[in-house]
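Let me begin by presenting the structure, written as structure tokens, before commenting on it.
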């Protein structure tokens, strides 16, 4: 997936995005059905990978369509709505799945999931009808695919500074998240807390994310996305510093404070996601948005893959608090750099001569 991301992104930039969107949705449906009828574990794992490939076509196609269909001044509202629905589904979907497992077999649940994807096809059709195809740059179109792919580094260097530095912030944040988050359940068990505490923390995180999305929609609609991104990093780092302090100093009654700090965690992280999505849409050249978004996504996945292994090494070397302490230091560093860069750019613009 890490290597396929930039290649698929380049393909989507070169061809009709409506076709890649429908193709990705069709692959998602077929792969879900295939999971239901898998005869053995090896086949099941193969179709899990196959479904991941379908997502490589589906999500960047959506990103490109959002760029054209959603006006710049409406993107903050749009991504806020997406965030609310996404985080709400993370709360209610497991509850619904738990209820359905009482009346349906696991195989039937996969068929139900495939049917749900099929129900989106009329909506996808209406989106495709509203989408106006854009002619790809002829010089890019004339290049062989392998030559086009090798242009990746030069394209990245040509991106606006705020977009490039934003990728750096997001990658460090993803790595920090990957270091501690996969070990949360085992950490709570180590603390002697019942499984319900894990559910409460997950719900608190989603609640913080929903709160961030609602504030973005109703209160922060006129605030600059660059400032929101820096503010999000500050909140996220503060949440991790509080968590690290609670764990490292073994603060009495800390179990009751965990939902609060994870609420702040979800609030800061979701604000970062929304503001970063808006900045990508605003600043990325339209001819390369598929390639850029998927290349960044591949690097982000690499950070998520590396994070748990680093977290395990830290636990072995420094004990249970170590992942939280290291993640807090990384988040603090990222937030500090973000604030310094923001103030530097702001002062530079303030002192620039007016022509």
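Just so it is clear, glycine is given a Cβ too, placed from its N, Cα and C backbone atoms.
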Exercise for review: May I ask you to indicate which of 3-20, 21-38 is given in TrEMBL as transmembrane segment?
Suggested key: 21-38
Exercise for review: Count the Cβ pairs between the transmembrane segment (196-215) and the transmembrane segment (21-38) that lie under 8 angstroms and are 6 or more residues apart in sequence, then report whether there are at least 3.
Suggested key: no
Revision key, fill the gap. Given the transmembrane segment (257-280), its same-chain partners at Cβ distance under 8 Å and 6+ residues beyond its ends are 63, 75-76, 79-80, 83, 87, 162-163, 166, 169-170, 173, 177, 197, 200-201, 204-213, 216, 225-226, 228-229, 231-240, 242-243, 246, 251, 289, 292-293
